[in-house]
Amino acid sequence: MEKSILITGGARSGKSTLAERLALRPTGRAVYIATAEAYDAEMEARIAEHRARRGPEWHNLAAPLDLVGALEASDGGDPRLVDCLTLWLTNLMLGGHDWRVEADRLVVALSRQQAPVLFVTNEVGAGIVPENRLAREFRDAAGWLNQSVAGACEAVFLCVAGYPIKVKPNEHSF
Amino acid sequence: MEKSILITGGARSGKSTLAERLALRPTGRAVYIATAEAYDAEMEARIAEHRARRGPEWHNLAAPLDLVGALEASDGGDPRLVDCLTLWLTNLMLGGHDWRVEADRLVVALSRQQAPVLFVTNEVGAGIVPENRLAREFRDAAGWLNQSVAGACEAVFLCVAGYPIKVKPNEHSF
Amino acid sequence: MEKSILITGGARSGKSTLAERLALRPTGRAVYIATAEAYDAEMEARIAEHRARRGPEWHNLAAPLDLVGALEASDGGDPRLVDCLTLWLTNLMLGGHDWRVEADRLVVALSRQQAPVLFVTNEVGAGIVPENRLAREFRDAAGWLNQSVAGACEAVFLCVAGYPIKVKPNEHSF
């Protein structure tokens, strides 16, 4: 198994399910690092739904902001699954943090990890340009973050209708 | 030819053209199962445009809701092309039907088909999260439906700028 | 190197960076054909950012409308990079030009080029259907334009998180 994997895709493309399956492969146990914060009932329902799908083989951590801290605290054992980078970015931006600085810290921390790390993230830039300026800034930031983490990961997959397309490495890299 | 194929992609990515070419390959004839209903002039123009591209080698059926019935009524001969799943989902949701029940019925019906079936569907989840709650529910439902039908199909393609990327099966399945 | 390449992808998916790297490969020099027009400060910042990334090995041309003229004027030497087709389409539509006629002229002109041409374009059709009619027309037009140019190019890549997936040619073409 690669030591660091990024799984990206659109909404409901099966990213989390694939990531969970991969994360459990080495030892049958894994650490789930949730970046979600329940701002409203809709988000609460999503979190509950995700948690219900996972069983006792998962150790759950919450890291809405301090993702680097959660990775360092959980290193040395089972694989870690970070779900997801776009919610982490949302939390950073809403909290007034500099996401570029945090993204750089994440990339540096990733290079120090012993146990595998899997990241789930979202494709948000393949629709029409949003009219809302904040939405445009968010989709730009999400694109940069995905590129940055993809560059630091050994493998990258794009998930479509529940199935992965290998993006990195592939025979067309240039 | 695979007995069941899902072709997904963004708007105007060439999905229907590819699906039509594939559907005609075995016998030079095929059944077109349209799920579209013309609610307004814009939709009417789209339907007319699609129909104009197809010739007399097509037998046309309309199935805005009863897709399972149309598949069963047309089985045993030429390939069937269902265009498209996202409009079928729209019709189900607008009509107050339980799309999960209908999706399960579709998957069961698919396993009983003798003649090939091709489905066209849309990628709608790779843009920014919609502000409109109904739009969010629709894109979640579309993602689930695509995963569900993809899981039941022998082959899945993602269409980009008129060209297909094979998503299932591929060497990276896990 | 292929004589004509289309690189598509979502916002901030690394398309321009990849296209620039490819364009410089043959001779270490290239022509940058910018289609952007700075309508506002946000767009000006984007143009400045792109230009700052490029060095003196680039010869810069502006072609907000007359892309065919720019290709013909720059032919016979270094590779040309057109960045990007979706902004060119925007300019054509805003200026009241017939983009279909211009797209056909582009495809014809492309077949006459001696030096390589790389096009950058955007995936804009994989989000939810826009409520705004003009936005729907634009995303349809962008999809048609991408298909049209992809059909005329020797190679097509989809860019995801900074990495290319080869779309054309691939072993699944049909």
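The backbone N, Cα and C atoms fix where each Cβ goes, and this holds for glycine too.
Annotation source TrEMBL lists active site, GMP-histidine intermediate at A:H50. Secondary structure at A:H50 (active site, GMP-histidine intermediate), as computed by DSSP, is helix.
Shown in sequence order, A:K15, A:N122, A:E123, A:L158, A:C159, A:V160 are the residues of the chain, 6+ apart in sequence, with a C-beta less than 8 angstroms from the C-beta of A:G9 (GTP binding site). The GTP binding site annotation in TrEMBL covers A:9-16, A:34-36, A:51-54, A:D83.
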Where A:A34 (GTP binding site) falls in three-state DSSP terms: strand
A:A11, A:A34, A:A36, A:A52 as binding-site residues, winner by CB count within 10 A: A:A11
Of A:A11, A:A34, A:A36, A:H50, chain B-adjacent recorded positions (C-beta under 8 angstroms): A:A11
A:K15 (GTP binding site) - helix vs strand vs coil (DSSP): helix
A:H50 (active site, GMP-histidine intermediate) and A:S13 (GTP binding site), distance between Cα atoms, whole Å: 14
